[in-house]
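**Q** Let me begin by handing over the structure; questions about it come next.
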Amino acid sequence: MSQPLYKRVLLKASGEALMGSQGFGIDVTVADRIASDIAEAREMGVEVGVVVGGGNIFRGVAVASKGGDRVTGDHMGMLATVINALALATSLRKLNIDTVVLSAIAMPEICESFSQRATLYHLSLGRVVIFAGGTGNPFFTTDSAAALRAAEMGAEAIMKGTQVDGIYSADPKKFPDAERYEHLTHSQVLEKGLAVMDVAAVALARENSIPIIVFSIHEKGGFAQILTGGGRKTIVSDN
Ligand SMILES: Nc1ncnc2c1ncn2[C@@H]1O[C@H](COP(=O)(O)OP(=O)(O)OP(=O)(O)O)[C@@H](O)[C@H]1O
Ligand SMILES: O=c1ccn([C@@H]2O[C@H](COP(=O)(O)O)[C@@H](O)[C@H]2O)c(=O)[nH]1
């Protein structure tokens, strides 16, 4: 097995990817596959924190766009990320991977509450830590939560596992001729307005000098490949 380049990373797993071909909700076979990729990373000795999106269930803008209250919509979106976190934890535990869910919104009957201290404690015991509930605040996204938790857990990189295999000159789903970048700086992502990740997330990663690696979460074994320096991806770093 190749040596990983990182000891501790934050995986941002696409919520939308979890629905598979269903169009909504969670396809357990997809959750199981993503869990097996995380298990592979653990077998390599990499400490893993995970933020899961909620796009397969709910995004706050859906309420706002129909004249509803954005904050309530965002609360619904954050609850969606808790559902996804519980599903992914279930898939990991089926593989005997010790996993804990820490939520930014207290719900003690369901999971532990987030704190940096709890995070570092669970990581030190070799557990996968899944961060649920985003940042706990409306008007943010789980990309921002990923950058925030990466900084708090001392992650060496944010691995954004998404629907596409890197950052392109334009959204490759809308512009098939768009070209993939191998490498960008955080500032270039912001200056060029490349919308694969939101501005707040990229700015926070830049401020804390945390590289972001964008890759496709649909590739089985793709996460381990990226961790060892292979695979198709875009690397965003300081220079
Ligand atoms: N310049 C770009 N390069 C690559 N992807 C882009 C770009 N601009 C827009 N995108 C789109 O951004 C999407 C990723 O955005 P987003 O983070 O919302 O999705 P996600 O990873 O599925 O997250 P969620 O967890 O919210 O479901 C890609 O699937 C792609 O279609
Ligand atoms: O910190 C956060 C994170 C998320 N939200 C809301 O949840 C949904 C789902 O997250 P995605 O990142 O879009 O997958 C998001 O659209 C927001 O409505 C939030 O309010 N705060």
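From the backbone N, Cα and C atoms, a Cβ is placed for every residue, glycine too.
A TrEMBL annotation is a machine prediction, not a hand-curated record.
Remember, it's a predicted structure, so these values are computed and weren't measured experimentally.
TrEMBL lists these features:
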BINDING   K12, A13, S14, G15, G55, R59, T162, Q163, Y168, D171  ATP binding site
BINDING   G54, D74, T135, G136, N137, P138, F139, F140, T141, T142  UMP binding site
DOMAIN    7-216  domain 'Aspartate/glutamate/uridylate kinase'
REGION    20-25  region 'Involved in allosteric activation by GTP'
**Q** Tell me which binding-site residues (K12, S14, N137, F139, Y168) have a Cβ under 6 A from ligand 1; sequence order is fine.
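**A** List returned for ligand 1: S14, Y168.
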**Q** Which binding-site residues from the set K12, S14, T141, T162 have a C-beta atom lying less than 6 Å away from ligand 2?
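**A** The qualifying binding-site residues are T141.
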**Q** Tell me, what is the mean pLDDT of the region 'Involved in allosteric activation by GTP' (20-25)?
**A** 95
**Q** Using a Cβ cut-off under 8 Å and a sequence separation of 6 or more, which residues in the same chain sit near S14 (ATP binding site)?
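**A** Expected: G53, G55, G161, T162, Q163, I217.
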**Q** Which one of these binding-site residues, F139, Y168, has the sparsest Cβ neighbourhood, judged by other Cβ atoms within 10 angstroms?
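**A** Among the binding-site residues F139, Y168, the sparsest Cβ neighbourhood within 10 Å belongs to F139.
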**Q** Fill in the CA-CA distance, N137 (UMP binding site) to K12 (ATP binding site), as an integer in Å.
**A** 18
**Q** Please report the number of other Cβ atoms within 10 Å of the Cβ of G54 (UMP binding site).
**A** 27
**Q** Given the UMP site residues G54, D74, T135, G136, N137, P138, F139, F140, T141, T142, which other residues of that chain have a Cβ within 8 Å of the mean position of their Cβ atoms, reported in sequence order?
**A** G60, G77, M78, G134, S144, A145
**Q** Please give me the CB contact count at 10 A for K12 (ATP binding site), counting all chains in the structure.
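**A** The Cβ of K12 (ATP binding site) has 28 Cβ neighbours within 10 Å.
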**Q** Do you know offhand how many angstrom separate Y168 (ATP binding site) and T141 (UMP binding site) by C-alpha?
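**A** Computed Cα spacing between Y168 (ATP binding site) and T141 (UMP binding site) is 21 Å.
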**Q** Could you tell me how many residues in the region 'Involved in allosteric activation by GTP' (20-25) are helical, how many are strand and how many are coil under DSSP?
**A** 0 helix, 0 strand, 6 coil
**Q** With a 10 Å radius around each C-beta, find which of these binding-site residues (T135, N137, T141, T162) has the fewest other C-beta atoms nearby.
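**A** Relative to the other binding-site residues in T135, N137, T141, T162, N137 has the fewest Cβ atoms within 10 Å.
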